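Only one structure is covered here, and it is reproduced in the block below.
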Amino acid sequence: MMLKNPASKYAAFQPVRLSDRAWPDAQITQAPIWLSTDLRDGNQALIEPMDGARKLQMFQALVKIGFKEIEVGFPSASQTEFDFVRKLIEEDLIPEDVTIQVLTQAREHLIERTFESLQGAKRAIVHLYNACAPIMRRVVLGMDEDGIVALATSQARMFQDLAARQPGTQWTFQYSPEMFSGTELAFSKRVVDAVTEVWQPTPERKCIINLPSTVEHSTPNIFADMIEWMHRNLARRDAIVLSVHPHNDRGTGTAAAEFAVMAGADRLEGCLFGNGERTGNLDIVNVALNLYTQGVPPQLDFSEIDEIRRVVEHCNQLPVHPRHPYVGDLVYTSFSGSHQDAIKKVFSARKEGDIWNVPYLPIDPKDLGRTYEAVIRVNSQSGKGGISYLLESEFGLELPRRLQIEFSQVVQGVMDAEGKELTAHDLWTLFEKEYGLHDVAAPQHRLTEQRGAGETTEVELLADLVFAGQPVQIQGRGTGPIDAFVDGLQQATGRSVRVMDYHEHAIGAGANAKAVAYLELRVDDGRTLFGVGIDANIVSASLKAIVSGLQRGTRAEDNAPAELDAATAR
Ligand SMILES: CC(=O)SCCNC(=O)CCNC(=O)[C@H](O)C(C)(C)COP(=O)(O)OP(=O)(O)OC[C@H]1O[C@@H](n2cnc3c(N)ncnc32)[C@H](O)[C@@H]1OP(=O)(O)O
Ligand SMILES: CC(C)C(=O)C(=O)O
Ligand SMILES: [Mg+2]
């Protein structure tokens, strides 16, 4: 049960005393160093940790994306972990520009096993951690502050000894004061300074100091303050690559990472799509693509993001959420009418080479290997903009505005009845049915030009058509074929038709090109409605459109609007 007074159980985080903080004004202008910990922190969070084959698949995907530093495991944790590191080294699977990293607790037998796993490696980052937070000191490790410093420094010395015994490897040491986010800043500095005192890094041979929000406890601005404080106060800062390792317990891992880089961090540790314990590690894809959309090259390649997602889902055996930033199935999709309207208008106005500024789409989906197909999907929240966008992008129909309005009412009627999404194909089927595109046969016609009164020319049109199921022969005159057809139709059927507006365009190209005609008609001096005709011949398309409109008028009188049958609605 939730408490009426949560303060009786939970303590508020404390702000950092840093009145001259500089990070809020900083801008990120280059990518940080990235470290993927998918194969370690991500892996240790899985229901079933990856086997060797899955680990290799993930490793190769990470290399392909462009990671230069990859934490490949916790070799002392299990034989699978150990064997995977051995496989990478023995089978020479690590590219020249990639460095592997491994993690160990500050315990002697685990450190020894870790160095053993790295025998023969050309380069390696060995990552040492021990918890520093008061609750961990007091309850879990049973040590005071001095004890923690002694533990960290003795294990740091052991790193040096073991590394010296494997001189063929180019070593980089990394230290994490675990639970940095829940530790007093002064104590974090004390432990880190003590470790770097042992390692004596130089600007030429730096060590990595990694500050984890092992559990995210505070708003990201507090984390940024903590990083800026460490950045300013750590000893030997110029000999340190300052790394952060955010988790996402409060849902602000991305913000914490970005603020931390603004506050002085050089390096970010995280996982693809934010896999990792509890609510996950920092989502590296999210941060990298946030940089990209600010015009900063992220140095990681996500141009085939769906392929990467498939590998990650296979290796982790966990799905990526449909709303996950940049990659989810639905993140480039607008269902709502006003969004669709804006996207459609801006897409048409946009010119190649323009800075990307498309409402509701922070990134061009094509940059990540997506198409525009899913950008607009139609359901009961949609309007004419989305419907006509799909008909145009998928079927080449450029509906005039008033026809968009007319047809969207037809779609809305179906939506109200069915309540389901309609795909572009469903819309096309409904459009074909509503405008009788299959019912109206092309009127067989013959045109002859005749000189009219004065300078004018007239045409005479003879046509055979099927109207309301009956064969009809018509003969009419007018200033053009449409005029003559309308005249003949009126004489033969007694139905009056006035053409109020006319639009046509081509669909397709070359031998397969067709003309589509949209005619707005006033039928029998009653309602105004559209008829649509598609034909290889432009005159036939227009004549078909007139018959289409007239038949719709008749159907409207019978009060029988087109309905989506079960097969169409799917
Ligand atoms: C925040 C993080 O992600 S840290 C990384 C955590 N990752 C993992 O733990 C995954 C891999 N770990 C493992 O497979 C196992 O924990 C192993 C194989 C490494 C060790 O297993 P075990 O020896 O059975 O120890 P176990 O993990 O149960 O217990 C930890 C012991 O080490 C101590 N310990 C924990 N962390 C540290 C540390 N960094 N330095 C020193 N001692 C530590 C604990 O106090 C405990 O001591 P105790 O046995 O005296 O009570
Ligand atoms: C080992 C450390 C870096 C860790 O994973 C964490 O604190 O979250
Ligand atoms: Mg972690």
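Using the three backbone atoms N, Cα and C, a Cβ is placed for every residue, glycine included.
Following the DSSP three-state reduction, the secondary structure of ASP41 (Mg(2+) binding site) is helix. The Cβ of ASP41 (Mg(2+) binding site) has GLU71, HIS245, GLU269, CYS271, GLY276, GLU277, ASN281 as same-chain neighbours under 8 Å, each 6 or more residues away in sequence. Feature annotation from TrEMBL assigns Mg(2+) binding site to ASP41, HIS245, HIS247, ASN281.
Per TrEMBL, domain 'Pyruvate carboxyltransferase' is recorded for 32-306.
As annotated by TrEMBL, region 'Regulatory domain' applies to 438-570.
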Using a 10 angstroms cut-off on Cβ to Cβ distances, just flag whichever of HIS245, HIS247 is the loneliest among these binding-site residues. HIS247
Where the criterion is a Cβ under 6 Å from an atom of ligand 2, which of the binding-site residues ASP41, HIS245, ASN281 meet it? ASP41, HIS245
Per-region confidence, the region 'Regulatory domain' (438-570) (mean pLDDT, whole number): 82
Just give the helix, strand and coil counts over the region 'Regulatory domain' (438-570), going by DSSP. 40 helix, 57 strand, 36 coil
